Amino acid sequence: MTSDASARAAALDPQRSFIVQAPAGSGKTELLTQRYLRLLATVESPEQILAITFTRKAAAEMRSRILLALDAAQGAPPESPHKRSTWELARAVRNTDARHGWRLTEHPARLRIQTIDALNASLARRLPVLAGTGAALEPTTDPRPFYDAAGQRLVERLGDNSAVAERLEVLVVHLGNRVDRLVELLSDLLAKRDQWLHPIVNANARENLRFVLESTLKRIVERHLTLLCEGLGDVRRRELFDLLQYAAGNLLGGDLDPVRRALLESCLSRPAAPDATSESLDAWRALVAMLFKKNTKGELYETVTKVHGFPTTNRDRKEQMLSALRWLGTHPALCERLFELRTLPDATYSDEQWRALQALLDLLPVAVAELQLEFQGQGKADYVEVALRALRALGTPDEPTDLALAFDYRLQHILVDEFQDTSFAQLDLLERLTGGWQQGDGRTLFCVGDPMQSIYRFRQAEVGLFIGLQQKGLGHLQLEPLRLEANFRSLPVIVNWVNTTFPDVLAPENDAEQGAVRYSASTAALAGDAGGVHVHAFVNTDPRAEAQKVTSIVRDSLQQDLEGRIAILVTARTHVELIAQHLAAAGVEFRAVEIEQLRERPVVQDLIALTRALVHLADRTAWFAVLRAPWCGLTLADLHALAAHGSFVLEEGIRAELDAGSLSENGQSRLSRVHEILSAALQERGRWPLRIWVERTWNALGGPATLSRQSDLDDAQSFFGRLDDIEVAGDLEDVARLEEQLDRLFASGQTHGDARVEIMTIHAAKGLEFETVILPGLQRQMRTEDRELLRWTRIAGEGGGMVFAPVKAEGSEGDPVYRWIELLERQRIIRERGRLLYVAATRAKHSLHLLGTVQARDRGGELTLREPTKGSMLRMLWHAVAPYFDAEAPSAPASSPASAAPMQQLHRVPLDWTPPAAEKPLHVTAAPIVDLEAERPIFDWVSETSRHVGTLVHRELERMCTSSDSAPASRSRLLLELAELGVPPDRCESGSDRVIAALQHTLSDKRGRWVLGLDGGIQDAASELALSGVLAGSIVEGIIDRTFVDEQGTRWVIDFKTSTHEGGGRSAFLDEEVARYRHQLLRYASLMRLYRPKQTVRAALYFPLMREWREVPLDEKRQLDWLT
């Protein structure tokens, strides 16, 4: 029995609400599944339970676990006590299912397990008029153009003699007359409007907004001063102020800057020591100036002299001051809070601050209105808009809508997974869903998560919400806090090391405002003394030494454990390149998971340059990049000669240089060939879609011939696909938008079959586990945040409130409130970085390797270590790993060796390169394109209605693979789509029944879920993939229903068949279907091999209505004949 058995048992009580803290490896998902099963056995219908997750993968895993448990409950009970508990819960659900006639295994869509985005969308659709949607808006994954357009429309109102124009003028002046900067900053704010919109447009607060915001500032200041007073105590506080007044009296006769003079004069005029009121803030600031050095490190003075106000004539006073400094040095937390007074803002805004802030707060609702017009005009919406409309659809807790009341009536239980990643907007949704609930009325809320694993602040996750729910509950609901302890993942040596190390990495106490979380210890449920935590210390070495060590660890681990998986986890994708190079050089097969952005790949950078050059002749930078690219490869000397030409349009300069013959002989020949191709391409502008135009030019230049890897071709195809998405009438309206789109895509990963080594970010590794985990580059610093037009923060605790501050005015020193919010946010990010380190360390099952580098100074022949940079993970671990670096220092070099810059080699096609000719003439038949879809078997006698049902099933399966909502479509939508396809009204009902059955059967079938990728385990997947190529001398094209690579590196080509078979002979029927479609699948597989020549390709048929799978044997010889 585990140490937390009582907590796990209590969590299954269907009458009580809980918030469960579940540390890494504690079996959170299994507990959530058991709770869901327990509730299912008590409700009248499955729809009375709502489970909310944050990702499709989590929703799919939970649904899969429940369905598998229900299937397993038909068999004998397992021997394991833990598995038996799940079996018993599932058995009870099956009895309830039979009693009510639910048939859950046949209709799994009745399990309401949804992502938060899918829930928002369904709510907004349910009440379109009140929600403000009118017709339903389609979510877009690229909302940036809408934000930009709304910002541009707003600034176009400058000079129209309106209040809006007056506010705009204030901001334009504030930003140094940079209108483009204003548009950019407004666009950034619109993307986050769910965080600031409600407080700004609150009708009750608009008239006295300044008073409301300054009241919050006052609470912030006084809360800080109260903690200082409590930490110092009355005696020490009075003593320090007495010393301050003594020093002030001595200093005011000298030469002081005006600010310090004003502070000291205010101290002398005070009759008593400063207290916790905001009016005392200046006196506290003067005290800080007396105690701390002028640097930003928070260092106390070690001694004081007459310069500090303590002349030698009064030794008693000087010794009293030194004693106070020594006492403060023994209280680091108190010193840190004192030093923070330097950045604590005033309790009021200055008139100048308020003028800019008021203008901005008045404009932002107008910008939101412009954005909504943009959305409605295009029939699109971002996910923030969908979420906001879902909230409007539910009304408020005091004035709920009919929809909210209907939900209140139907919903009995809500479960929320990964609650530590909840945002304020999502908590608001949860409050409205439970607004009418009362304690003890039989309805329950169950939230589970781990605040120590809250690492998504960049997605607005607020770890303080978890802490608040533990302490205060939600609305009228009090949630009982439970904590799990058992770790079923890691060996004892790792669990114990984490327990020893992380109390000092995380915070000593929970603090919602600071985003601080206290460590919660675990106990190892597994036995064994193998494995371990290994620290690899580097002193004064360059990054290559660390990369070599990582490679050595990987090779040793692969040899020691022939089946275990290894993860190399990094905090940023930029940390990977050197390690990947060393692994590849050592022959280690690995998989890089979403590491490199598509835009960073050389082939894509070259294609961006080519696209820019073609659409904009005056883009000299792009034209130089085209001429330097491998398909041309001019030397720097030749490029310099071209750059010296006076023509603004480089293409004209190229013609002149070719006529003059001033380039090198090699350059002249290369430029002549490329110029001929580019000139021909420019003549074709407007005759082709943008994608085809650029791709044809790239092929003619020899772009594919410059590539060495299949992944490079894949990346090029991804680029061309993105051109398809954003072209307007065969042209590119905005290059910046193309580059932004590419920033969201990842390059094809380096995948080598069943590689057991994976490189990924720590964020990508969350929820995964590996036998060996390697954490390199722990010394790396965190990146800085971009400046925004408006900063804001919510203040937790009693009173709460929002604080806003505008970006600094052009040429000013900066807004103090803005700076304080910025520093507070930085502190929260540092806290989160500690949690990120916890997530990384707890992925390890057997072995954890920590690698870091520090610098050391040579002082008198002895190396003295420098502490790692503040905010780095190595600094957070320094208390635990410093001895390893001390031991390494004696043998370290005196200084870091300079890393030689790699030799830049000019990679280019040969001078005599020409497009390759076909190996043999192509004999194309009179009907040149063979449409595989049209080539139906001769006995394909299905009716028109059945054909349309098949079309809709294919369409819905594709949507379930790519959408954030994997649940089947509603019957009403299916009826509408069948009618649009031309199905007669009297057959639409039965047709929709067949579509729903096909989708539900697929979701309830383990093989079907695997094909759709809902349970993971596949990669490089595509649905309805159109391919074309030359097979046996004919041009062939086809559309593959589903294709992906499995965990063994096999490429699957799958065709969906909506055939059914009643009665006996089921197996014979399926065998006949295999024979019937074998030729078609063979051609699909052959087409795929044209694009993936190095992959093993297998084919199969999947029958959604029958829940059947049949692999189709492929004739290898015939494939080779077709391909050659």
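A Cβ is built for glycine as well, from the same backbone N, Cα and C atoms used for every other residue.
According to its DSSP assignment, Gly27 (ATP binding site) is coil. Taken from TrEMBL, the feature ATP binding site applies to Ala22, Pro23, Ala24, Gly25, Ser26, Gly27, Lys28, Thr29.
Look at TrEMBL and you will find 1-491 tagged as domain 'UvrD-like helicase ATP-binding'.
Among the features that TrEMBL reports, domain 'UvrD-like helicase C-terminal' is placed at 502-767.
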Can you give me the same-chain residues 6 or more apart in sequence from Pro23 (ATP binding site) with a CB-CB distance under 8 Å? Asp450, Met452, Gln453, Leu484, Glu485, Asn487, Ser520, Ser522, Thr842
Taken over the domain 'UvrD-like helicase C-terminal' (502-767), the predicted model's pLDDT averages 82
Quick check: which same-chain residues outside Ala22, Pro23, Ala24, Gly25, Ser26, Gly27, Lys28, Thr29 lie with their CB within 8 A of the centre of the ATP site CB atoms? Leu31, Asp450, Leu484, Asn487, Phe488, Arg489
For Ala22 (ATP binding site), the three-state DSSP class is coil
The one of Gly25, Gly27 whose CB sees the fewest other CB atoms within 10 Å, among these binding-site residues: Gly27
Among all chains shown, work out which of the binding-site residues Ala22, Ala24 has the most CB atoms within 10 A of its CB. Ala22
At 10 angstroms around each C-beta, which of the binding-site residues Ser26, Thr29 has the fewest other C-beta atoms nearby? Thr29
